[in-house]
Every structure is written in C-alpha cells, then in structure tokens.
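> Below you will find the structure I want to go over with you.
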Amino acid sequence: MSFFPKISFQHEVEEYLIKMFRNNELITALGTQEAESKYQSLLSHLSHPPGFTTVRVNTHLASVKQVKKLLFEEIQKQFKGLCVPVLEHPKLQDILLIPVIGPRRDLKKHASEVIVGAHCGYAVLRGAHVYVPGIISTSRYMKAGDLVSVYSDIEGKCKRGAKEFEGVKVFLGNGISELSRSEIFSSSGPLNGMGIRMIETVYLSPSFDNVLPNHLFLQNLPSVVVSHILNPQPGERILDMCAAPGGKTTHLATLMHDQGEVIAMDKIANKIKKIKQNADLLCLSCIKAFCYDGTKALSAEKREDEQEGPPFLPESFDRILLDAPCSGMGQRPNMAYSSTLKEVTSYQPLQRKLFTVAVKLLKPGGILVYSTCTITLAENEEQVAWALKTFPCLQLQPQEPHIGGEGMRGTGLSLDQLKLLQRFDPSAVPLQGMDINSLQDSREDDLISLANKDCIGFFIAKFIKLNSK
C-alpha cells in the first residue's frame, strides 16, 4: 500500500506517458488491464525510496569483508543496536546492501515544523540529515535544540523564510534543530552546515555523512551494474562521456585495478572538480577529467600538439560508457516531476548526437554501453532501434550480470533483441514496507532478489562495434 501519493506530472507529460505505457505492442502482449496495472504500480513506486541502500566498496583500498564489518558496526551505532543486516551481493561482488526499514507509521508529529525543498526531502528519505541550504521555512519561535517535525514542500510553493505553510507537504520524520530560526534566515548567518539532525525518519536508512569516505561510494544498484557490463580491462583506454559526479568513472578505474586510462568528460566545470575530488578520495590515479562537451569530442584531423584531452581522433578508445543526460524519470523517490514535455522530449536528439560521436570514437571490436536513469521508450528502446538501423557496424550483446528485466515493447525490436537489453522496473515487485520483524524472518536470497528489483528505474544496452564502416 502506498504511504505517499503517486508521483504527479504536468498534464502534457502525463498524457505522453499514458500513451507510451498503453502502446499497441504492449497491450497486445499483456492485455489492457495488466499494462495499466503495471503503469499505476510504477507511479506509486517512483514516489517511494528504493527498498535498499546500496554502497559500492572501493576494492582498490580494502576488501568487501573488511568494509562490511566496519559498516555493520557503524549501522548498529546509528540505529542504537537495532540489528539490520549488511548483505553481500552474489553477482555484484563489490557492493553491500542495507535493507531500508519503513514506512514507519507510528511517529509522533511535533508542533514545531520545518519545511524543506523537495530534493532535500528526497535525500532525507534516503538517510541524509537536513543541511541549511535545504531549509525553506521554520516555525516562528524555533530555537537550537528544539524537537521539530520535518516536511517536504513537494510542489515548490513555500516562500523562503515563511513562518507557516499550509500548502501540500509530506511528513519525513523528526529531528533536532542545530540552529535557531534567526540564525538560519539571517543574511549573515551560516549558508552551509547541518540545520536539522534527523533522529526519527519515516524510512530508516543509515547516514553516510563522513562514514568510511575512502572506502565507500553511495550508488544505486543499476549504476553499479553498468560498469560491470562495460567490463574494462587493465591497460585499456576507456571513455566516460558524461561522467559527473564520477561514481561510474571511479568504479571503472577500480575494476581496471587503476591500470590504464579512464578519460572522464563533462561540460560543467564544477562537476569536473567533483570527479577529481572523488578520484583523489578513493586514491585512483588513472582518471583524467576534462571539462568538455561530449558532442564535440571527435577531432576531424590529426593534431600537432601532444595534448591528451579532447577532442579525440576516431577509433581512440577500447570501450566507451555513454551514461547519457536524460529526463531522469526513474529516480526515486520523486513525488512531483516538474519538467515540461518540451524538456522531456529534448533529450532524445542530444542522446543521438552523443551516441554518434561515441560510435566514431570506438575502435573496431570495442564495446559501447548506453544507459539512462529514465523510464521512457524514446530515450531507451527507441534509441536502440535507431542505433541498430543507423550504424550497421553495431551489434547488440548479452549483458553480464543481467539482473534487471528485459526491454519494453513498443519500438518494433524483436523479442530476442529485447532480451539482450536490461530495464530495471521497480513496478516488478509489490510496493511493500519492511519492518524489523519481517526483515528478520526473510531469507537472504529473497532479500537479494528484492534488492535487484526494488531499485531506481534504469536502462542499459550493450553494443560491440564489428568494423569501422
């Protein structure tokens, strides 16, 4: 049963999605009722956080067993002795999974209220504390040390500094204020730092604020799968075309044992800075990050200089990851998706420009992995159909590990082709809460199976380039 309302969309976007999830191919295969049921289930899942927190272990510095022990001790401390397991994944041997407890329906709400922005609220539901920039409003007389209830302004309608808010707000849990209202909203007050230390959240997830920062990287499960599918080898030259914030970049470098070269590109300078910081934090030296637009990364002619950065000559890379900019509709939790239809449909042409450059930069025999964190056909299966038609040199490849579902019908791809794709669809499992009793009664295999499905919406396609034509 849904604890939060289903995700809401602007009317035109909702119409676009309904048409897509009721396409003729899908209706013929599933029937109208089942297709509609899957779509409604997906909308409910998207407004709730995934059922597991996934962390990738930096195996460059420590073993999974060592980190698992340290993490288990940390979680016991945070959860005051509550015995929540830390699970190893049999097919993804560099991640640890922590079941999320919740939703907890018995939390008492306090008179003093704090309203936070939607993105801050989503972070709280996944284990974060509230930092000052995320606070939009507090009760009139809030002091440091007060017990407060925290709510998310999911529609973005609360005015900054308001003393009360009667709009749509979603209860996230309770915390202790680190600062007074006047300190939070004074012009000379702190712009950063912790504002509310969460002590009781609707969904109980561990906080990773300064927890084993050199050894752990917080990452969604399908995002870890992507790097394993690309399967970079020591000594190879790898391109991560749209790399920020560097989770997949650092994972690729780790899988290569920091031997070879990982070129990371992003067109926003601050994001490149973040990639470099993450590489330093995880002690990885084979990563070279450049602020550059991936659509312009192909050099038409040989350069005289010895510059190692973009643009690059054709057929320069052994493997390429294109984790493309996308509409992001698979991200969880998200209760109100604010993008317009024009924004949603703007991604397909950009993805095709990047894909075209990627194909030209890839060596014959090389591997190209394309991924998004969205649910639309236009950005996923439709792109695969377009790529196979546009580039006869490309051939779809099986994926290992393959723990998501197959591709979605609706673009004319054959059943065999759909089976080679990997679509993580959270609606594949019932929306179920987890309490400590049901957790302790569950078999580990069942929990792993649930973690594979109850994650963000995601899509992966893997291609090999057969020749240079």
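Glycine is treated like the rest: Cβ placed from N, Cα and C.
On a predicted model such as this, the values are computed, not experimentally measured, just so you know.
Annotated domain 'SAM-dependent MTase RsmB/NOP-type' per TrEMBL: 141-466, in sequence order. The S-adenosyl-L-methionine binding site annotation in TrEMBL covers Cys242, Ala243, Ala244, Pro245, Gly246, Gly247, Lys248, Asp266, Asp293, Asp323. Residues or ranges marked as active site, nucleophile in TrEMBL: Cys373.
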> List the same-chain residues at least 6 positions away in sequence whose Cβ sits under 8 Å from the Cβ of Ala244 (S-adenosyl-L-methionine binding site), in sequence order, or say none.
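Result: Asp266, Ile268, Lys271, Ile272, Lys274, Ile275.
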> Name the residue among the recorded positions Gly246, Lys248, Asp293, Cys373 whose Cβ has the smallest number of other Cβ atoms within 10 Å.
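Comparing Cβ neighbours within 10 Å for the recorded positions Gly246, Lys248, Asp293, Cys373, Asp293 has the fewest.
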> Far apart in sequence but close in space: which same-chain residues, 6 or more away, have a Cβ under 8 Å from Cys242 (S-adenosyl-L-methionine binding site)?
Met265, Asp266, Gly294, Leu322, Asp323, Ala324, Pro325, Leu354
> Check the Cα-Cα distances from Cys373 (active site, nucleophile) to the binding-site residues Gly246, Lys248, Asp293 and tell me which is shortest.
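Looking at Cα distances from Cys373 (active site, nucleophile), the smallest one goes to Lys248.
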> S-adenosyl-L-methionine site residues Cys242, Ala243, Ala244, Pro245, Gly246, Gly247, Lys248, Asp266, Asp293, Asp323: biggest Cα-Cα distance, Å?
19
